[in-house]
Every structure is written in C-alpha cells, then in structure tokens.
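A.B. asks: TrEMBL lists these features:
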TRANSMEM  A:6-28  transmembrane segment
TRANSMEM  A:75-98  transmembrane segment
TRANSMEM  A:110-130  transmembrane segment
TRANSMEM  A:137-155  transmembrane segment
Amino acid sequence: MFIWQLFWAFLKIGFLSFGGGYAVLSMIQYETHSNGWMSDAEFRETVSLSGMSPGSIATNSATLIGYHAAGLPGAIAATSGIILPSLIVVILIAAFFFKIHTNFWVKSSFYGLRPIITGLILYAAIHFAFPSRNGSILDWTTLGTLLIGAATFIAVVKYKVHPLAIILLSACAGIVIF
Amino acid sequence: MKLRIRHSKMIQQGLARLSLLWGLFWVFFKIGPSTFGGGYAMMTVIEHEIAGKRKWMEEHEVHDMMSIAGSAPGGVGVNASAFIGYRLAKIPGAVAAVLGITLPTFLILYALSFFYTQLQHVPKVQAAFKGINGAVIGLIAVAAYKMGKNALFDRTTLVIGAASLGLLLLTGWNPIFLIMAGLVLGIAVVRVKKWFGLQVVTEKEHQEGQNSTGNTGVIEYYI
C-alpha cells in the first residue's frame, strides 16, 4: 500500500539519519526520486519550505513529501516514519547504555561515519546548486541562486547572522533579482 | 476504609503522572516552534527549561544527554525530547515529549503548504522562493563546512570524505548504503590501524572553551 511505502521509506531513513537534518537530505532525495513521489523541482521547493519552518529540515521535508504524495494520511505516515527510529533508539540508549558516546565501538564507527556524512551534505548542496536543467548551466537563475547561497554562507560563518533573518532577506533579494 | 485510602492514593498518583506527562508535552510544544534553525539553537532553550526553570534534571545530566542526542540517529531536538521524556516518565513520557516537539511544526507546515499551493503561481512569490532556495543552498553549505571541520581531521577521514562525495556524484548509489558502510568502515579502519600499532585518534581534539555552543563534547553538526 502506498501509505505503508511512505512510512517504510522514511523509517529506513530515520534509523540511519546520523547527523540529522542536512545529511539526510540526500537520502530523502534518493527515495523521493526513485519512488517518483515528486519532481526534482518540487523537491527543491519542498526543501525551501522546510528550511523556512521551525524544527528539523529532515522531519519537515518528510511531512511535506508525505502530504504531497498522499494528503494528510501521507504526511502523518512519513513524519511518524522518520521520528519513530529516534524514539526507539533513544529509549534503548536511555534504558540500557547511557554512556554510549564514550564506547569504543561507537567512537570508531563514528570515525568512519563523520566524513561520509560530510560527503552527503556536500552532495546535497551541489545537487541543489546545480539542478539538471535543459539549456545552459549558467543562466540568470542559477547565477543569482549561487550568489545568494554564497552570501548566506559568508553571513552565517563569518557574521553569525540568524538563519531566520537570512531566509527573510533572501526572499526580498529573490523578489528584487528574479 | 483502608481500601478507600489506597484508592485515593492511586488516583492521586495517577493524576500526578498525568500532569507530568502533560507538562512534558507542553514544554516541548512551546520549544518546538520557537527554535527556528533547529538543533543546537534548541539546546540552550531546552537546557534553560529543563535544568533551570523546572529543575527536572541536573545541568550536567542535560549536557551528557545532549552528546548522546547528537550521536543517535535523528534530529537532535527530537532525540533530546525523547531522552528527557524517558528519564522523567519512561516510555509514555518519551512519547508525550516527542509528540509535543513534533506537533507544532507539523501544524505550521500544514498551514504553510496550504498557503503555498494557493500562492504558488504569483510571480512575486515564485521570485521570493528562488531567493530562499539560494539561502537554503548556503545553509546546507554551512552545515557541510561545520561538519567537515570536525570530521576531516586526518588523511584517512579526508580520503573517506572525498571518496563518498565522488561516489555519490558519479554513481548515484543509494546514500543509505554509504551510511551503513561508514559504520563498518570506521570500526575496520581503527582495528587495522591498531593492528599496525599506529596511534588512533577517533575524534578531532577540542580545546576547552572553544566550542561555540559552550558544551564541550557536543558535536556541532546539526544546525
């Protein structure tokens, strides 16, 4: 069943969403693409909406994709799918191995995991910055988008501007530029 | 008589439990939407509410919990809420807390996507969205940069990072396999290095007080 499919896909992602948020975008994009839940352009819009809303960008995207694919039941299925693993894993940790972060196995698996998560996030950034479009790669939209992206990067890393202010400013910049 | 006293005690306990569950739900219901940007922005608010205002947990316990919330799969906010809920009221507590932190965002998103479908075709809205799309790309890049600063600290991690990006760009493999491979790879590499008698450092060493979140030991990869 369709709803079940949504739940299952996000459940899988939820169990492996180490690093939360942005790292999971690549996984969500893969599932969305291969299941044909929405087009790439719609997915980019979804992530923008998720970024605008409070809370985790991964959970937000799950909600929106579920809603887009199957209405309210879909939204509930996808959201509970991505959240349930947190609940299960955290309860297990809290009940049985509280000091997990000092554990040798955990430490050494994270040694291999962290660089891969970095790769996943970078991949998500590249994927969003250079959407596969017919025609020239460097058109006005791509250029403007990259400019805003670069400005955002500098504003957050160097001047520690709050993400909410950046989203609002970028919306204004969008209206002016495009 | 005795039975009646026991009965009223049970009712009292039940009520106390219900009010704790409701308190958990309500605290996280308020925290959910107030913390735009998710993750570590949320952490200070959670600490303030749980350890400061309500004295539900000790401060050091909250710090410990946050490092775990950062390493378990899932968003750090949801993980932290599940953890606190479980510590205070076992599984019902965890469920109440997670529902509390999820529900407001769910409702906000629901409303937002409703308005978006209504206004989608207005040119000004489209333009604003293109701008926001750019900002989101920037925010993702910031996340990669922060993660990379912590993750790529020696030659092995640099190679693993570059290889995973290359694989994703060239093959379009399911990223889930990469994550699973990463879990195994880390353990294997550490084992092999130890076998050859090499010194193994599994984490970038933090200098005290350098961490901008103020909690040493918390990995800053979730913004």
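The backbone N, Cα and C atoms fix where each Cβ goes, glycine too.
Because TrEMBL annotations are produced automatically, they should be read as predictions rather than curated entries.
Each of these features: where is it, how hidden is it, and who are its neighbours?
C.D. replies: Cβ atoms under 8 Å from those of the transmembrane segment (A:6-28) belong to residues 35, 37, 47, 56-58, 61-62, 65-66, 69-70, 74, 77-86, 89, 110, 113-114, 117, 120-121, 123-124, 127 of the same chain, restricted to positions at least 6 beyond its ends.
Residues of the same chain lying 6 or more positions beyond the ends of the transmembrane segment (A:137-155) and with a Cβ under 8 Å from any Cβ of it are 129-131, 161, 166, 170, 173-174, 177-178.
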A.B. asks: Counting only residues 6+ away from its ends, which parts of the chain sit with a Cβ under 8 Å from the transmembrane segment (A:110-130)?
C.D. replies: 18-19, 22-23, 25-27, 29, 44, 47, 137, 142, 145-146, 149
